[in-house]
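Over in TrEMBL, the protein carries these features:
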BINDING   B:ARG48, B:ARG54  NADP(+) binding site
BINDING   B:ARG132, B:SER133, B:SER134, B:ASN246, B:ALA247, B:GLY291, B:LYS306, B:PRO307, B:THR308, B:SER309, B:SER310, B:ARG332  FMN binding site
Protein chains: 4
Amino acid sequence: MSHNTFGHLFRVTTWGESHGPAIGCTIDGCPPGIRFTLRELQDELDRRKPGSSRFVTQRREPDEVSVLSGVLADETDSDVMIATGTPIALQIQNVDQRSKDYGDIARQYRPGHADYAYDVKYGLRDFRGGGRSSARETAMRVAAGAIARKIVPGLRVRGAIVQIGDKAIDRANWDWAVVERSDNPFFTPDAASIPVFETYLDQIRMDHDSVGAIIEVVAENVPAGLGAPLYAKIDSDIAAGLMSINAVKGVEIGDGFASAALRGTQNADEMRIGTDGRPVFEANHAGGVLGGISTGAPIVARFAVKPTSSILTPRRSIDRDGQEIEVVTKGRHDPCVGIRAVPIGEAMVACAIADHFLRHRGQTGRI
Amino acid sequence: MSHNTFGHLFRVTTWGESHGPAIGCTIDGCPPGIRFTLRELQDELDRRKPGSSRFVTQRREPDEVSVLSGVLADETDSDVMIATGTPIALQIQNVDQRSKDYGDIARQYRPGHADYAYDVKYGLRDFRGGGRSSARETAMRVAAGAIARKIVPGLRVRGAIVQIGDKAIDRANWDWAVVERSDNPFFTPDAASIPVFETYLDQIRMDHDSVGAIIEVVAENVPAGLGAPLYAKIDSDIAAGLMSINAVKGVEIGDGFASAALRGTQNADEMRIGTDGRPVFEANHAGGVLGGISTGAPIVARFAVKPTSSILTPRRSIDRDGQEIEVVTKGRHDPCVGIRAVPIGEAMVACAIADHFLRHRGQTGRI
Amino acid sequence: MSHNTFGHLFRVTTWGESHGPAIGCTIDGCPPGIRFTLRELQDELDRRKPGSSRFVTQRREPDEVSVLSGVLADETDSDVMIATGTPIALQIQNVDQRSKDYGDIARQYRPGHADYAYDVKYGLRDFRGGGRSSARETAMRVAAGAIARKIVPGLRVRGAIVQIGDKAIDRANWDWAVVERSDNPFFTPDAASIPVFETYLDQIRMDHDSVGAIIEVVAENVPAGLGAPLYAKIDSDIAAGLMSINAVKGVEIGDGFASAALRGTQNADEMRIGTDGRPVFEANHAGGVLGGISTGAPIVARFAVKPTSSILTPRRSIDRDGQEIEVVTKGRHDPCVGIRAVPIGEAMVACAIADHFLRHRGQTGRI
Amino acid sequence: MSHNTFGHLFRVTTWGESHGPAIGCTIDGCPPGIRFTLRELQDELDRRKPGSSRFVTQRREPDEVSVLSGVLADETDSDVMIATGTPIALQIQNVDQRSKDYGDIARQYRPGHADYAYDVKYGLRDFRGGGRSSARETAMRVAAGAIARKIVPGLRVRGAIVQIGDKAIDRANWDWAVVERSDNPFFTPDAASIPVFETYLDQIRMDHDSVGAIIEVVAENVPAGLGAPLYAKIDSDIAAGLMSINAVKGVEIGDGFASAALRGTQNADEMRIGTDGRPVFEANHAGGVLGGISTGAPIVARFAVKPTSSILTPRRSIDRDGQEIEVVTKGRHDPCVGIRAVPIGEAMVACAIADHFLRHRGQTGRI
C-alpha cells in the first residue's frame, strides 16, 4: 500500500525532493550474493544525467551515488560489492538546487503540471523544482535498475527513442550500437535520425516550446514462466511501472494498439522447434508475454511521454487565490523530457522482471 | 503480493476456473454503510454476459450472482443490501461448461494463448476452457465494479468501443445514449458504425478469423486529489488494471500515444475560473490526471484488445512433447473479444477510483 | 493492507459471518503440484468442530468443506487433488444458525465482547452470533492450515492444552499420543489431567461461568533459515497469527515471559555437532527462533485464551441508546473457548511457516 | 511483503547495519500537515541512547538524527517541520563503530545469537556488530515513533520496566513521574526498585552474565474503533511490532497470560455511563482492545526481553567449519538489553496506533 515503493519481492522505495539536501532509495529484497560495482550504478546514472547535451536540462548534477548499507566488500576485489540480503540504501546529494528560479510559482498553478491537483490533495505543496514530482526522483530508479539487471542471469534490457514529436525513426535502420554512440544525444537507434532530431529540437527550443516522444524497451533472455494470469501479469506490472514515470501517458506491449487492427491469423505467433531442439516463436506480435506470463521471446514495451509542461511561452491559468493569471515557467527544462526517459524506462522494465523472477521462484520453486 | 487481488484498500480477490463448479470473489474493504441491490450487480453482469448476440461467444451462462457475506438487509427495503465493512463474498455458478469441447487441446500449445507459458511456469495446467486465464473470471470484476461505483459519491463510469479491427468510429457522432441501445451489440457510441461493424464481423466469422478492438472509458465526477505522485499514480493503477484484462496489449490516458506528437503549448490544458467560481480546464489532453493525481476533469482511458486467439483457421504450433503440430481451436469463441471488454474496462476503472478514494481519505483525512 | 488476509506468499483470505449462508476462504499462493485430499482437510476440521463434547458449544455444524477451484484431480487417484497454482476456494455451508437466540442482544453491548467497539467503528453491526467476529471464521483457518502443512516437506505441527483456568498440566506426563485419544475432550497431553479438567469444567458450567486456557504449539522439521531479521521475523508473524485468533491475549516463543528471569548463561542454547555430523542445540530456550530466523530446532509457541465472554451470569453494561443495563448472554457457548483453539493455533503456526518457506525461497533461491 | 517495513498506511522502512556508515529510515504515509521539531525526535532518541549509564552498553553514539526529505519549514517558526505527505527520510551517522572488537567472531556462531541461522539463510553474513540484527536499528524506530505520536490527536504512549531478571517492581508504588527521573537509569515507575536494580545488575555484571526484563507500555487517549476483527486486529499488529524488537520472546495485552486463570465473570470489563454521559469501563482486563478493536480504554501491552546473549562467560558452540568451540563475546554490551527496550516498545505501539488510525479513516471515513 505504499505510495513510494515499486515491486513486491524486489522492492524499491524512493524518497527525496528536487530541492532538498539529497534523494535516495532503499532496495529491500535484493537476494544475498548478488554482486555489483559502484561503477555499474554510476554508468547507468550517467546515461540519465542532466546537462549532457543542449537537448536536456542544463541543471548541473554530478549524480554521484553512494551505497550506505546492505553490502559487503568482496575479499578479492574490493570494488565488488556483495549484497547481504539486507536493505541496500542508495543516496545522491543534490548539488545544483537554485531554488530562486522557482520563487514566482509558489502560488501559481502551471498548466500541464500537478500543482493544482497537489494543492487539492495535500493542502500544501513543496513547489521548489516540482518537489516530489520532479524527475530527479527517477535517478534512484535508474540506480535500482542497475542492481535489478544483476538478479536475472543473462538478462539484457535496452531502450531506444522511436519518435520525437512527429518525427519517427526508420525502423529499417535500427542498430543498437548507434544508441550509445557519443555523438547521439537522443538514444535513437537510427543514425539517420540524429541530424533530423537536432534540427527539429533546435527549432522547438527557439519556439519556446517542447515536444513529446515514444520510447521502446526490449528485454532479452527473460526466462519463460515469469508473471501470472490476472492481477500479477508481468505486462500489467510493466505497464504500471512505465506509467509511473513522470509525463508518461501511454504504454503498450508487443504490437500494442496496432494489434486492434490485426486479424487473429496474423496476430498469433506460431511456434516451431528450433535447431537446438527448443521451442521458438516465428513472430513476436505478443511482445514476449502471453496471458501475463513471459514466453521466453524478448519482452517489447513502448511508452509515450507527453511534451515538457514547463515552457517559456505564456499559458493561461489560475493561482491559489482563484485569480486568473498567465504563467511562464522559467528554469532549466528539457525541450523533450522523453529523451532522458530511455534509461528510466529500461530501469522500470528491469525492476519488474527481477521482481517477477523472485516471485516466480517463491511461488513455484522453479528457476 | 497477491496474484489474484486488485486494489489496496478496496481489494477484490477473485477465484475460479472456466470449467469448475463456480467462480467468485471476495471484496475486502467496502466501507460500512454502502448500499446496493442485487439487481444493480446483475444489470452490470448482463452487459458482459455471453450469448447476447451472434458477435460474442454462444456459451450460455445466466451469470446469476449471489451475495454470501458482508451485508445486512435494509430494514425498510429488503432489496437493499447494506455493507457491514466485512468481506463481501460474491459467487456465480458455472452452468454450461461442456468440457468435451476442449479435450483435444490438453497437450497442444495454442498460438496466441498462454498454454506454453503456463506449462513452463506451473508444470501442470487446467486446460479446460483456458482454466484460470479464461475470460469468465472477468464476470467477478464486473460485479465488484458495480459495488465500487457506489463508493465515490456521484461517480459515473461509462465505456464505449471506438474501433473494431481496422474500422474506427466517427467521434463526431458520439452519443452515449446509443451505447446501451438494444439494437447495438457493439457498445459503439456512433449509430452509423453499427451496420458497418455487423457486415465486417460477419465476414470475419466466415473467414474463421477474429479481430481486435479499442475501448474508451470515461469516468466523470471524480474528485480532484485522488492518486499520488510516483508509484501510486491513479493512472498507473488504471493502466495496471486495464492491462490485467485478458488480451489487452496497450493502455493510454487522455491523448496517450498521440501526445508524443503534440507541442507543449498544445498539450497544456489551460485553466480558468468557471461561472460557478470553481476552477475549470479549457481542454482535457491530460485525461483528468496530472502528476498521477486526479484534477477533477473526466478521467479518460483507452485500451487495445488483441484479436481473439481461438480461431478455426489452422495455425502452426508445438505440443507438450515437443512435436510440431497444427492447431485449430474449436469451441464457442467471440470473433472480437474486445466487445465484451467494455463493461470490464469500466469495472477496472471504477475499482481503481474507489480504491484511491479510500486511500486518499486514509492518507489525508480529506473528502 | 487486507483486514481479512493472513500471509504474504501463502495468502489466506477468509469471509463469512456466523449466521450467513456460508463461510469460506481463498488460498492464493499454494504452489502448483501440492497434493492433498478432502479427507485431510475434513479431519482437521473435525478436530475443531462444535458439539464434540459437553465442554464445547452444542451448536451442530457438520462443517463439511468443499473445494471450488484451484485443483485438478490426480489421474491415478481421484481422491487426490493437485494444486494448480491458482486460487483455491474453500467453502462451508452454515447449517445450524438459530438466529432467534440472538434477538435480544441486537442493541446490547455484551461485556468482554467487541459489540461496543464494533458500533463505534462501523456504525452498524451484524449482531447475529457475533457476525464476523464469531469463532466460526476459524474453521477456514483450520482448513487452510491443512494445506499449509503440505507445503513444507516433513513439517509436523502439533498442539496441546497446557492449562485450563488455574489448572496446569504436569509436563512430566507429556505424551503426544494422549492428545488425540477419543476419551480426551481437552487436547491435553497429560492423561492425569483429564478427570481434573472434567470435574473443574462441570463446576464452571454449573456456576454459569467460564475460564481461559493456555495452548502450546510445537512445529517440528522446520528448516533452518526461515524468517528474517526485524519486521519479517518468523516469530513476529507467528505472534500476529496467534493473536489474531478470537480471545487470545498473549503469545510467547520458547521460554517466553519466563526468559526475563533467566540469566544469559542459562538462556543461551549451546551448540554441538551431533552424531550425524550436523549442528545440534543442547537446549531450546529460544523455541527454535533466533534473530527472527528458524534454527532448525522445534518452534515452540504458547498462547493464552481469555475466558469465554458469553456467560449466563448477569453483567452490568450499557446499550446503544446509552442506557445502563444488565446483560445475560444466552445461546450455546463453550465454557472454555481455549479448548477448540488448539487446532486453530496449529493452523496459524502452519500457515506462518509455509508462508516463510515460500518467502525464503523467493528471496534467497534456497531450499 | 517487505522484510524491513512496519505498518501499512504509516509505513516505516529501515536500513543500515551496526558498523556501516549510517542507519536510516523512510516514513511513507505521514499525513500532510503533521508538525514536529527535530528536538522532539532527538529527545526520544536520547532516551534510548547507549552510554547513558553503567547499566547499558558503553558504545558512544550521539545518535543525532537528520531529516532529509518530506518536510517544509513552518513560515513562522523555522524549528517546526511540516510534513508534506511525501516520504520523510531520517538518517543517523554511525560514529563509534570499532569493528576490531568483532574480528574473532567472524566464523563463530555465538549461542543465543542469530549467527548460525543467518549463515544458513543468507550464505553470507555481516558479522560486524551483529550487522542488520544489531539493536542499533531500533534507533530509527524510536525516531519514527516520535512522528507517529503526532498523528493521533492527544495520544500519549508511555512505557516502564516492570521486572528485571527475577526482581519485579511493586505496582502499588507506580508513579509515572519516577520513570523519567534523572537518577533512574531503569525506566522503573517504582522508586523503591532503583537501588534494588542497581545492586542486582552490578552483581550480574561482575558475574559476567546478563538478565532479561519485562516492559509495560500504556497508550492513553486512543480513540475507540481502531483496528478490525481477525487479521488486522490492533492487538495483533502491536504483538507483531513488539515481537519484532530484538530479543523479545513474549507479548501480552491487558491481563495477558494471567487471563487464562480468570473466570468470565471476573474478566468481563463491565460498562457504565460516566458522569460526562460517555461510556466508561469499570475495569480494563482487556487492555483497551476487544475483538481486535480499541475500546477507548488505555491500551496496555507487556513484552518480555530475554537476557543479553553477548556475555563474557564462555559458552559451548560451533563454527562455520563445523568445529566445536567455546565462545566468549567481548565488546560493549548491555547487561540487560531490556532497559533500553522501553522507548522502543513505546515507539512500536505508537506506530501501530498511528497506522490503524489512518487505516480506520480510509476504511470508514470516520475520525
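Glycine is treated like the rest: Cβ placed from N, Cα and C.
Remember, TrEMBL labels are computer predictions, not curated facts.
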Short-range binding-site residues relative to chain A, from B:ARG54, B:SER134, B:ALA247, with Cβ separation under 8 Å: none
Residues from the binding-site residues B:ARG48, B:ARG54, B:ARG132, B:THR308 that lie close to chain C, Cβ under 8 Å, in sequence order: B:ARG132
Sparsest-packed among the binding-site residues, when each Cβ's other Cβ atoms within 10 Å are tallied, from B:ARG48, B:ARG54, B:ARG132, B:LYS306: B:ARG54
Residue among binding-site residues B:SER134, B:SER310 with least C-beta crowding, 10 angstrom cut-off: B:SER134
Those binding-site residues listed as B:ALA247, B:THR308, and which of them has the most Cβ atoms within 10 Å of its own Cβ: B:THR308
Pairwise CA distance, B:ARG54 (NADP(+) binding site) versus B:SER134 (FMN binding site), rounded so that it is a whole Å: 20
Pairwise CA distance, B:SER134 (FMN binding site) versus B:ARG48 (NADP(+) binding site), rounded so that it is a whole Å: 14
DSSP state at B:ARG132 (FMN binding site), helix/strand/coil: helix
Rounded Cα separation (Å) that holds between B:LYS306 (FMN binding site) and B:ARG48 (NADP(+) binding site): 18
Local backbone state of B:ARG48 (NADP(+) binding site), from DSSP in three classes: helix
Between B:ARG48 (NADP(+) binding site) and B:SER310 (FMN binding site): CA-CA distance (Å): 19
Nearest-integer angstrom distance between the alpha carbons (Cα) of B:ALA247 (FMN binding site) and B:ARG48 (NADP(+) binding site): 16
